[in-house]
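Annotation comment: TrEMBL describes Cys36, Asp38, His89, Cys92 as Zn(2+) binding site.
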Amino acid sequence: MTATDVLVERNRTWSTAQAPSDLSLRPRLQVAIVTCMDSRLDLFDVLGLAPGEAHVLRNAGGVVTDDVVRSLAISQRKLGTREVVLVHHTDCGMQTITDDGFRAELQADSGVSPSFAIETFTDLDEDVAQSVRRVRRSAFLLYPEAVRGFVHDVATHELREVDVPGRSGDRRARTLSPVRLAAS
Ligand SMILES: [Zn+2]
């Protein structure tokens with residue numbers, strides 16, 4: 001039995017016990033979260049999320065790549081989100097490798113140098129700040145200034161915000177009205 005078989009079996013058991021869902025396509029909290037693929041990070045637990053509340057985008061490191069910007073642009077322009085939350089974390093696998101080392105490994109094994117950036121990092125807070133700046137500088141988002149970055153401690157479960165001073169006089173800063181939550 002493969003891991004995939006295990007998951008399919010788990011779904012069979014779980015799905016039969018669920019009531020039909022009528023959740024909206026548009027996230028109720030109007031927020032998109034970008035985070036790492038780390039298996040210890042359960043964003044639904046960490047942030048008290050429920051299905052239907054947020055877009056969750058994940059990759060190795062929670063890096064704001066072009067593809068993440070693509071998803072954020074769709075999220076904001078077509079599906080109504082207005083804020084971005086970045087969650088990086090302690091003990092990240094991306095701190096254990098280097099760009100040059102991994103690139104050399106891929107090239108040695110395949111004969112091809114990858115066209116993508118590896119995006120490893122050593123300084124966690126600086127990596128969060130870098131991601132915040134990439135969101136702020138994106139030309140494709142409706143709310144580029146509405147972004148905050150955090151470090152999640154995988155040992156204590158706490159979330160710590162990283163202060164990233166903004167540029168003054170940003171031309172596209174918009175005022176956000178508070179999100180309206182339906183009583184639950
Ligand atoms: Zn990670």
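Residue numbers in this text run from 1 along the chain shown.
Heads up, the Cβ atoms here are built off N, Cα and C, so glycines get one too.
Taking all protein chains in view, 22 other C-beta atoms sit within 10 angstroms of the C-beta of His89 (Zn(2+) binding site). Other than Cys36, Asp38, His89, Cys92, the residues of this chain whose Cβ falls within 8 Å of the Cβ centroid of the Zn(2+) site are, in sequence order, Thr35, Met37, Arg40, Leu41, Gly61, Gly62, His88, Thr90, Asp91, Gly93, Met94, His152, Val154. Note: Cys36 (Zn(2+) binding site) has non-local neighbours Arg58, Asn59, Ala60, Gly61, Gly62, Val87, His88, His89, Cys92, Met94, i.e. same-chain residues 6+ apart with C-beta under 8 A of its own C-beta. The 10 Å shell around the Cβ of Asp38 (Zn(2+) binding site) contains 21 further Cβ atoms across the protein chains shown.
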